[in-house]
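Per TrEMBL, the feature domain 'Cyclic nucleotide-binding' maps to 46-130. Look at TrEMBL and you will find 162-231 tagged as domain 'HTH crp-type'.
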C-alpha cells in the first residue's frame, strides 16, 4: 500500500483509488477471468508475434477478438500529423479488439506488439455466438466492460487532478514489477509515447526522469528503470 493523501493500492501493477474495487479480486471471486480464458483456449488459435509486429491496422475489418497470453500490446491511433498516439496498453491476461466487433465497426486504432507476444485469436463469428448464447460468457464480458469503465474514470481523474510528476510515476508503477523493496521495469515506450499517455510534452518526461535519477529516486539506464523505495516514492517526488 502506498499513502499519498488518500490510500492507493498497487495490484498487478495497477495504481488506483481505494474507492474502486480491486479488479483482480473481483475477477477471481466471480470466475470471469477463467470463463474468458477457457473460451479462448477452447475455440481460439494461438500465434506468436514478434516485437513491433502489428496485430491489426486502422480500417481493418473487425473480424476477431484477441487475448494476450504473454507479452505487451499497445493500442494506438494515428494523429492528423501521422504520429501514433498510444491510448491503451494490454497486458497478459487481457482481451482487446472486442468493442469494434460488437459495434459492427471497422478498426479505429491499430494494435502493435511492444515485445515478443503470444496472442490467442478468437474468430468474430464464434465470439458473437458465445456472447449471445452463453450467459456465463456474456456476464464475463460485462464485468470486463465495467472494469474498463472504472479504469478509464480513474485515468481521467489522474490526468485532470494530478501534477505531471505524479502522473508519470503512476504510469511507471503500472508498467513495473515489484521485487523486494523496489520496482523494476523495462521501458517499452518512447518518451514521446509516454507523453501522449499522461498528457504532457516529451521534454517534460525526459526532464522529470533525469531529475529523479539525480535525486537517486530511480536508476535509469538503457531503458531499464529501477524505482527505489516505492512505499514513499509519491511523497519523495
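Heads up, the Cβ atoms here are built off N, Cα and C, so glycines get one too.
Automated prediction, rather than curation, is the source of TrEMBL annotations.
A quick note: this is a predicted structure, and the numbers were derived from the prediction, not measured.
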Open item on the list: Please list the DSSP helix, strand and coil residue counts for the domain 'Cyclic nucleotide-binding' (46-130).
Closed with: 13 helix, 42 strand, 30 coil
Task: Summary of DSSP states over the domain 'HTH crp-type' (162-231), given as helix, strand and coil counts - done: 35 helix, 17 strand, 18 coil
